[in-house]
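Asks: Questions regarding the structure given below will be posed in turn.
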Amino acid sequence: MAGDGRRAEAVREGWGVYVTPRAPIREGRGRLAPQNGGSSDAPAYRTPPSRQGRREVRFSDEPPEVYGDFEPLVAKERSPVGKRTRLEEFRSDSAKEEVRESAYYLRSRQRRQPRPQETEEMKTRRTTRLQQQHSEQPPLQPSPVMTRRGLRDSHSSEEDEASSQTDLSQTISKKTVRSIQEAPVSEDLVIRLRRPPLRYPRYEATSVQQKVNFSEEGETEEDDQDSSHSSVTTVKARSRDSDESGDKTTRSSSQYIESFWQSSQSQNFTAHDKQPSVLSSGYQKTPQEWAPQTARIRTRMQNDSILKSELGNQSPSTSSRQVTGQPQNASFVKRNRWWLLPLIAALASGSFWFFSTPEVETTAVQEFQNQMNQLKNKYQGQDEKLWKRSQTFLEKHLNSSHPRSQPAILLLTAARDAEEALRCLSEQIADAYSSFRSVRAIRIDGTDKATQDSDTVKLEVDQELSNGFKNGQNAAVVHRFESFPAGSTLIFYKYCDHENAAFKDVALVLTVLLEEETLGTSLGLKEVEEKVRDFLKVKFTNSNTPNSYNHMDPDKLNGLWSRISHLVLPVQPENALKRGICL
């Protein structure tokens, strides 16, 4: 029967002797290649194409020998005689012992950790061999004339000594090496995605932390000594070799990469070999705790090797250049101190000007207030509105920011009985405005120019005002504005404009003498303003005046009035005044 045939065939094959016979799941199915990981000849049965293959698990008193990725490829091929080659012939003794002692889990194979005893023995053999080599023969230093061909010679003792750690690391079994190389990388990536472990009780966490710190410190010191010695030896030998060959750039880069690889490989083996010793101290470390420590130690050793190689290749001229650079910088700073003095002086003067400007303005305002108080005491017949409005208007202009937006225009008017008071008061108010500068205000009299040509008067007025303002005078008095030729008054567009005035930091005081004998004190400021406007309109415009750009017309007069009528104040007569003498 089919069951007997399979039983007989199982007797002939390797570990099939230990398999307990079992009836097939389905009859009439052909036999296929093993599907249990590629390491056994357990019979399996064909499955329909639409379904995935199912593995059959058989248990016995002694589990069969199962190998995963490390099964030799020769075992899968049939021998010429027709029998399958026994797997034990291709395995080392150590591997056979590991397999016999391991548990058989076909569906979920866990990653095996190397036993602490074997790892300690392997570390002892390597340490003993290194000590014997150092005791028998001191480390040879490669001579400067050694060539690359001599280094590559397999019979030279220098190469054997330089690559001793690499040969020792190769004696480890293939399975152990692969687990060492794969563990840090895979655990590194997975650990970052895992949650941190639960907290331990305080007394347990304290004891565990002390043990781990003590063991980690010991391992780090030993790893520093071993890997630093190997990295320094390799870098020195190869840097001397590259000096003779002539290709410094290409070979130094290759040496740099190889030294990186050797230091990292030796660090991996050393750290993994010492893992069981730490585990045997009473606390088993999880992979989450081992991976950060391994990466941290490996990074430290790579940095040490890089630093030493850079120090070895650095020329003395570079270091001396760094030392001598400090005095040069010091002398450079001392020499540049003299250039800082003019800069400091400029900053000091600028700050002095910035902070002194408000003081100057404050002093100018105070001086103007003192002068106005004196005038108020002299001209006691004037209305209180005259003093209050004029002083406030001019103080505001003095306190305004620099540059000022527009000039200050003040228009004073009076009747025939107050002609002398109008003349004296207008001049003294203008002088009070410029009293801080200790200069007199510009004086222009319209009665002297009444019979002159309009264009000539315009030119003369322009020259007097512009020259005076350019020479430091900041105030001007224009007497008898109504006596100017009508066309000549258009020049005041230039000096009285709200936005485009030629000089904005100045004050102009204009006077208009009305034809009335007296000006009542009961009139308001609005009524006085309208009276002056009507009077100027009669004086400057008539039906016989031609319409031209240099002749006055109602439109031009309206524009001029809007520029000179900022503040219109009446002046009353003073009985104490004598003719031609001001108070």
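Glycine residues also receive a Cβ, built from the backbone N, Cα and C atoms like all the rest.
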Asks: Out of ASN268, ASN399, which residue gets the N-linked glycosylation site annotation in Swiss-Prot?
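Replies: Per Swiss-Prot, the residue annotated as N-linked glycosylation site is ASN399.
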Asks: Annotation phosphoserine per Swiss-Prot: which of the candidates SER39, SER135, SER543, SER548 has it?
Replies: SER135
Asks: According to Swiss-Prot, one residue among SER156, SER164, SER401 carries the annotation phosphoserine; which one is it?
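Replies: Going through SER156, SER164, SER401 one by one, Swiss-Prot flags SER156 as phosphoserine.
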Asks: Write down the residue from SER154, SER228, SER317, SER400 that Swiss-Prot flags as phosphoserine.
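Replies: Record lookup, Swiss-Prot, feature phosphoserine, residue SER154.
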Asks: So which of SER50, SER157 shows up as phosphoserine in Swiss-Prot?
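Replies: With Swiss-Prot as the source, phosphoserine is noted for SER157.
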Asks: Rank the recorded positions ASN399, MET552 by the number of other Cβ atoms within 10 Å of each Cβ and report the first-ranked residue.
Replies: MET552
Asks: Kindly assign ASN399 (N-linked glycosylation site) to one of the three DSSP-derived states: helix, strand or coil.
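Replies: Helix, per DSSP.
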Asks: Whole-number Å distance between the CA of ASN399 (N-linked glycosylation site) and the CA of MET552 (methionine sulfoxide)?
Replies: 36
